[in-house]
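Contents: one structure, followed by commentary.
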Amino acid sequence: MPPPAPGARLRLLAAAALAGLAVISRGLLSQSLEFSSPADNYTVCEGDNATLSCFIDEHVTRVAWLNRSNILYAGNDRWTSDPRVRLLINTPEEFSILITQVGLGDEGLYTCSFQTRHQPYTTQVYLIVHVPARIVNISSPVAVNEGGNVNLLCLAVGRPEPTVTWRQLRDGFTSEGEILEISDIQRGQAGEYECVTHNGVNSAPDSRRVLVTVNYPPTITDVTSARTALGRAALLRCEAMAVPPADFQWYKDDRLLSSGSAEGLKVQTERTRSMLLFANVSARHYGNYTCRAANRLGASSASMRLLRPGSLENSAPRPPGPLTLLSALSWLWWRM
């Protein structure tokens, strides 16, 4: 049988609950028999209101609501000092109290005890307080070098006991439990990880995210050489992936280059790439160039060329086809 909805009235039929005996005399209650049947359960969410109602089908001379052994109300007389507990109804047919803003401390056994003309009766209800799941502690953002280990922690509380799930937002990888262990982490595992907790009390789960940064040395992923005529503009490009981002340097024949009118070139660097710009190519600009990308974990270099149009340097040779013998010999010489 499902528990009543939060704030619902729990109808306790006293005449059908001959499970114990109590005597109220001038506000004093002493229990004289043990209860032979279990109490009904009444479930509410933390922060909701709970109405406890005792419906009576006999003439009653005395009636009281108790929490454990503490009297809350005896008839119209208030015994509790808790301002959240108040009397709702006290008639010959019904005796009801209201508990507002229910908290975990309100959970427990409640007893409606009343005296009829013939004998005393009691009936009981066990108030269960559910608490929505919420995250109380989660790991701070993590930065680790590639190949290292990462432990992410997510602590959640709630009643019933909540479930905790870790999820990597990039690829949807999931792991159950408060602790997520990642061994030998790789750059592809960097990104945001989300902790989600839920216990069914509220429709919306609680979630928080942690950013995991994986540091690794630069890897040059692309370079662009150029063939440009004298007097024209040219561009050499170098792209590199690295965390932290790489610092780029350009060299010509082992000489470090910098932007300036004397060199006739400009270095323009963005986050993952650097470009060497020539506004007006002169003969001294032709030759070999080296791009170097470095961060605190390492460095990587790649070479490229600025060539004169028509130059055979760095051009990919073609295999001999239906050509003259001289052409074939020239091709073989180039391969040697």
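For all residues, glycine too, the Cβ spot is worked out from N, Cα and C.
In Swiss-Prot this protein carries:
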SIGNAL    1-30  signal peptide
DOMAIN    33-122  domain 'Ig-like C2-type 1'
CARBOHYD  N41  N-linked glycosylation site
CARBOHYD  N49  N-linked glycosylation site
DISULFID  C54-C112  disulfide bond
CARBOHYD  N67  N-linked glycosylation site
DOMAIN    132-213  domain 'Ig-like C2-type 2'
CARBOHYD  N137  N-linked glycosylation site
DISULFID  C154-C195  disulfide bond
DOMAIN    218-307  domain 'Ig-like C2-type 3'
DISULFID  C238-C291  disulfide bond
CARBOHYD  N288  N-linked glycosylation site
C-beta crowding around C112 (disulfide bond), within 10 angstroms: 25
Protein Cβ atoms within 10 Å of C54 (disulfide bond), excluding its own: 29
Mean of the pLDDT scores, which run from 0 to 100, over the domain 'Ig-like C2-type 3' (218-307): 93
Counts of helix, strand and coil residues, the domain 'Ig-like C2-type 1' (33-122), according to DSSP: 3 helix, 51 strand, 36 coil
Disulfide-bonded residues compared (C154, C195, C238, C291) - highest count of Cβ atoms within 10 Å: C238
In the chain carrying N67 (N-linked glycosylation site), residues 6 or more apart in sequence that have Cβ under 8 angstroms from it: T80, D106, G108, L109, Y110, T111
Helix-strand-coil residue split for the domain 'Ig-like C2-type 3' (218-307), DSSP-based: 3 helix, 58 strand, 29 coil
When distances run from the Cα of C112 (disulfide bond) to each of the recorded positions N41, N49, N137, C195, C238, the nearest one: N41
Cα-to-Cα gap, N41 (N-linked glycosylation site) vs C54 (disulfide bond), nearest whole Å: 14
